[in-house]
């Protein structure tokens, strides 16, 4: 152990020689002693000490104190002297001497100075420490004495990791620690303990400023990057980047980019999984082969994933009509075009080459009204064929017409019934259809129910009219007048009377039939045959009896 000794102290050999010279033969036989108090004191560096030298010799001379320290005689008397030692900075030995009866007697005391360390510092920790690998704690201690009582302790939180004595000056104490997830964010520190308890002073503790450790786990696998293979100019598409087994995921840095264009990513973490989502929007100046890059950085290490992406421009297809609304009989040109490298097909007819338009002509007829023309466009991008379709509708202007198949020219209806005149007109612009009775301004509704009577009988002019002309169809309504209600009522009455008469006649005949036939008399009576009544006889006369 190295002990700090002030430069003003004499070499130990010189002191030994001085003590030997002061001792005279026969000193061991003296019966009086010289006491030095306090004996072997301990005090902090730079402190003061009051020393008393005394003897029981009745004929002692002046007591002297020999020391390299700064001293001052405070008081003295017969057989004693008091001194004050100031600015005691190092260990020292003091010697008191006096002559008693011509002989020199001496007494000594060893002063021990303790000093707290001037610097206790834990060396900086690595910015990031991978979990499962060792790292070294290093504590440096300057100053502090006595070294035999000085111990250095390395701590995690309040847990002791290592306890070692401070040996050299300056002292350096190290400990090897295996990094774990639990060490992330943990404070590490260094503490010195100067144990002066055996000297009755106590335990003096100095602690360094703590240093925080950050541990991490970064898998060797790259992130999973989900991005489109193709992206059209001025369109957007979501991009996702995910990495599992990351710790601490919340402290990872994510960089997402389309080429040299950094994407604004939203980063979320759940447990040890990190997910970054961004929207990639392609610019016109990025057309061609590009890369989507996802870069995850943690603990000074990086994991990266890349995906190829092609930015393309797909204009069209655009379908045009020379006349969107064409008169019947006119010539209409239909054309379809798209961007460069795009192959277009118009109503099944392909263009001569990619990038060229497709055309067709037609003579507009009534059947072409509302006809749709379809154009398909195909673009090849890195071996993939992309398709788009477009269409346009042609309107043809033609005069009004009435469909004879749906509008009967002769109608035979009964009086006082409800019917619908089913007639439809067509044309572009759509015509107005009216049916007026000849010789009058009477109009019958078309397409809605109405009540028919004999006044509707006659010939009607059904006319469809528009800005393109007029079309007339003759419709004849034949209304059958119904017979009088008296005849069926009279017939019903006669039938009723006939039925009643027949019923009464049948009832009479049935009753008379019950009254005719033979009668039975009592057994004691004489049997008399009945005779028929003569027509000339009265109803009340009895028949004559034979004598």
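Cβ coordinates are placed from backbone N, Cα and C, and glycine is handled just like the others.
Record features, source Swiss-Prot:
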- 46-103: domain 'Ig-like C2-type 1' (DOMAIN)
- 132-197: domain 'Ig-like C2-type 2' (DOMAIN)
- 416-469: domain 'Ig-like C2-type 5' (DOMAIN)
- 52: N-linked glycosylation site (CARBOHYD)
- 84: N-linked glycosylation site (CARBOHYD)
- 87: N-linked glycosylation site (CARBOHYD)
- 110: N-linked glycosylation site (CARBOHYD)
- 134: N-linked glycosylation site (CARBOHYD)
- 264: N-linked glycosylation site (CARBOHYD)
- 308: N-linked glycosylation site (CARBOHYD)
- 320: N-linked glycosylation site (CARBOHYD)
- 363: N-linked glycosylation site (CARBOHYD)
- 389: N-linked glycosylation site (CARBOHYD)
- 453: N-linked glycosylation site (CARBOHYD)
- 457: N-linked glycosylation site (CARBOHYD)
- 511-547: topological domain 'Cytoplasmic' (TOPO_DOM)
Long-range Cβ environment of residue 134 (N-linked glycosylation site), under 8 Å and at least 6 residues apart: 176, 177, 178, 179
Nonlocal residues around residue 363 (N-linked glycosylation site), in sequence order (Cβ under 8 Å, 6 or more apart): 329, 330, 331, 332
Distance [Cα-Cα, Å, rounded] between residue 87 (N-linked glycosylation site) and residue 110 (N-linked glycosylation site): 16
Candidate with the highest Cβ count within 10 Å, taken from the glycosylation sites 264, 453, 457: 457
Inter-residue C-alpha distance, residue 110 (N-linked glycosylation site) and residue 52 (N-linked glycosylation site) (nearest angstrom): 14
Helix, strand or coil at residue 264 (N-linked glycosylation site) [DSSP, three-state]: coil
Inter-residue Cα distance where the pair is residue 264 (N-linked glycosylation site) and residue 308 (N-linked glycosylation site), in Å: 19
Pairwise Cα distance for residue 320 (N-linked glycosylation site)/residue 389 (N-linked glycosylation site) [Å, integer]: 13
Glycosylation sites (84, 87, 308, 389), the one with most neighbouring Cβ atoms at 10 Å: 84
Nearest recorded site to residue 389 (N-linked glycosylation site) by CA-CA distance, among glycosylation sites 52, 84, 264, 453, 457: 264
